[in-house]
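Residues or ranges marked as region 'Disordered' by TrEMBL: A:1-21. Marked as substrate binding site by TrEMBL: A:Thr167, A:Lys193, A:Thr204, A:Glu291, A:Asn414, A:Ser419. Per TrEMBL, active site, nucleophile is recorded for A:Thr204.
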There are 2 protein chains.
Amino acid sequence: MASVAPGREAPPVSPLAPTSPADLPPLAGVRLASMAAGLKKKQGALDLMLMEFAAGTTVAGVLTKSKCPSAPVDWCRKNLDKGKARAFIVNAGNANAFTGMAGDRTVEHTVSATAKALGAKASEIFVASTGVIGQPVSQDWIGKHVPDLVKKLTRDGWNAASEAIRTTDTFAKRATRTTRIGFETVTINGIAKGSGMIAPDMATMLAFVATDAKLPADVLQTLLKSGADKSFNSITVDSDTSTSDTLLLAATGQATHAKISSASDANLKSFRAALDDLLLDLALQVVRDGEGAQKQIQINVTGASSPKSAKIIARAIANSPLVKTAIAGEDANWGRVVMAVGKAGEPADRDKLSIAFGGTQITKNGQIVDGYNEKPVVEHIKGQEIVIDVDLALGKGAATVWTCDLTHGYIDINGSYRS
Amino acid sequence: MASVAPGREAPPVSPLAPTSPADLPPLAGVRLASMAAGLKKKQGALDLMLMEFAAGTTVAGVLTKSKCPSAPVDWCRKNLDKGKARAFIVNAGNANAFTGMAGDRTVEHTVSATAKALGAKASEIFVASTGVIGQPVSQDWIGKHVPDLVKKLTRDGWNAASEAIRTTDTFAKRATRTTRIGFETVTINGIAKGSGMIAPDMATMLAFVATDAKLPADVLQTLLKSGADKSFNSITVDSDTSTSDTLLLAATGQATHAKISSASDANLKSFRAALDDLLLDLALQVVRDGEGAQKQIQINVTGASSPKSAKIIARAIANSPLVKTAIAGEDANWGRVVMAVGKAGEPADRDKLSIAFGGTQITKNGQIVDGYNEKPVVEHIKGQEIVIDVDLALGKGAATVWTCDLTHGYIDINGSYRS
């Protein structure tokens, strides 16, 4: 949860936070409201957010692959294939996860209160909760605040919404893109939260994206899945995967562009690129707010036997505590990269492996390069954005994964989260 | 490597170190020598060890599954199936891993120097190296010290040998068991090193075990594999797997017991139990010296759909940074255990899951138990040996995995290891 144990300072804002955060413009067909509902411990902190959509809005989603998902995730999964949304209602402070049947009843109450207030069907209301796992909440814990939220709905509520969904995040995460479909301008806005319990292989935290484009739900799902694989599914902070990870994308259909009926429509090219870019922007903000992060690490694996193999190897490097602590200590300990490649269990040949840090070749064909000069590597590793290239020289499989370093800050934050 | 960066203090001895370390007795058919060969940075530190065996000694081994193994591991793998050993030669300070063809030549030189000095075949000499990866070493780096080592061979060298193989270990690791085969007393001695880069699914550090029992190599291999699965392959410090992990077991055949030709011989029952117990003792010493460890954590998973599934789930919990930091912070944050079960990807039903800390039931059937009293759990988690029981209530699969907590000490040690 967002609050910090008594007597402890909140962690300082990440040094990797954006210096000028995006200011999200209004989006046709979307209204938002946020409030301090007392769900976070900290007095007066925004912790409940309603994002309302115009009638006819389509929706897509990517949800956690956890085998123990939260009650809200179960609800979203059940209703996503109907493809329609009238609202996202999101709280921070309690994840309503591992709360048994009571958790399901809380979701049902939240949904019915929201549907009633907006004149919508229950299946059009999507719920997400983040915070502590396993603390039961009363049934009307969120629902009772819905009438107040509805009164506050405004087109200008994006920035406040990005604040309301924060937990241990040290900065609010948002991004916007203006693009076009055919000749018509469309906008995409997105907000996200997450700084720990972030691992790929699923939508990896909470993120809510909306656009005024008019797109069928199946097209939206194809675009979102493809974009998530290259962004939220390619980042990792600590290899831990939340019970609650949820990425939702709504399209209000208020823009008046040519009709789109296929994800491969040529008119979607710019939109698709803008959406991918926005998703990567949000995902990297999550990495850059990784608990205790001082450095962003980008791992590019090439020459693997397949793209899948490349991603497994990139993740093994990104999740290695020994690699991550070495970077934190500004030590270009490439031997630990070799170790991580080896432990991935994927095809690799020690004597073909090449490694570069910050573009400087360190090893080639399994040995340190002749006349290797450590100086540019030492310079690079003192920076905030570290790039590690690993070439396996076996095939054409390539993948990029982003992570952050592992520092004392991570231990500080996670050793006293709940108390 | 064992040495610590200039200006840094060596990490303090683990609070989980044994209060009275085992004193290993001589073993018929084994002589040992250790020396300070200047391979570690620290002046005068023992860093080279020779364990010599009587003619006729059989050998078994379990080696890293890393796809980028060190040159010494390659050598051992090639010669283990011949089943005969006359010596183990082991250095600390440089792992001779990722050193290309030069690394192979160093191993060959070490082996031939040792074989020559002992009048043995090359295939009877086993090599292990631990320390920094990727730093080339000269060909005669170890071999040139062999004549000096041979002069020093003594039956009483066990304790010194356990010192010579240390790297970041804060205490030397050794264990001894006296048992019997039939009516004949036999002894088993073992030494180990390792405190980071420890993960299961292979022999997980360096360990050298010897017995005076007379056992065919295939019997020895069966016993060792079975024991390793329940010990070295059931521990994890940081999920990282070394390029060099090596567990070797030699049987000198000096004891005069009934002939054994099968691992299932009833006369082996006591011996097998003693070997298993010694291996677990050594493995737990490694966990208890986990870099920065303040607490040992035992994770018992029951009710899984299969034993394999139980082990995957137990490892997911043991490797979760969020679980490990919670324990470090003395926070019984069982919600993170749920998260880890979920991310394991194995069959699990949120609403059947039960969790106990230190024997106190916290959740049952997916919810917190009625009238849950946190007090005994808070007491338990302040101790040094934490036990987490997870019951999935799905089947009969069970597994136990041991790990340690994740503390500032881990970051301290690993953020400045090489500099």
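Don't overthink the numbers, they just go from 1 along the chain as shown.
Just so you know, glycine gets a Cβ as well, placed from its N, Cα and C.
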*Go through A:Thr167, A:Asn414, our binding-site residues, and report the one whose Cβ sees the most other Cβ atoms within 10 Å.*
A:Asn414
*Taking the Cβ of A:Glu291 (substrate binding site) as centre, how many other Cβ atoms lie within 10 Å?*
29
*asked:* If proximity means a C-beta under 8 angstroms from chain B, which of A:Thr167, A:Lys193, A:Asn414 count? These are the binding-site residues.
replied: A:Asn414
*With every protein chain in view, how many other Cβ atoms are within 10 Å of the Cβ of A:Lys193 (substrate binding site)?*
27
*In DSSP terms, helix, strand or coil for A:Thr167 (substrate binding site)?*
coil
*If you run the three-state DSSP split on A:Asn414 (substrate binding site), which class comes out?*
helix
*Based on DSSP, name the secondary structure state of A:Lys193 (substrate binding site): helix, strand or coil.*
strand
*asked:* So, three-state DSSP: helix, strand or coil for A:Glu291 (substrate binding site)?
replied: coil
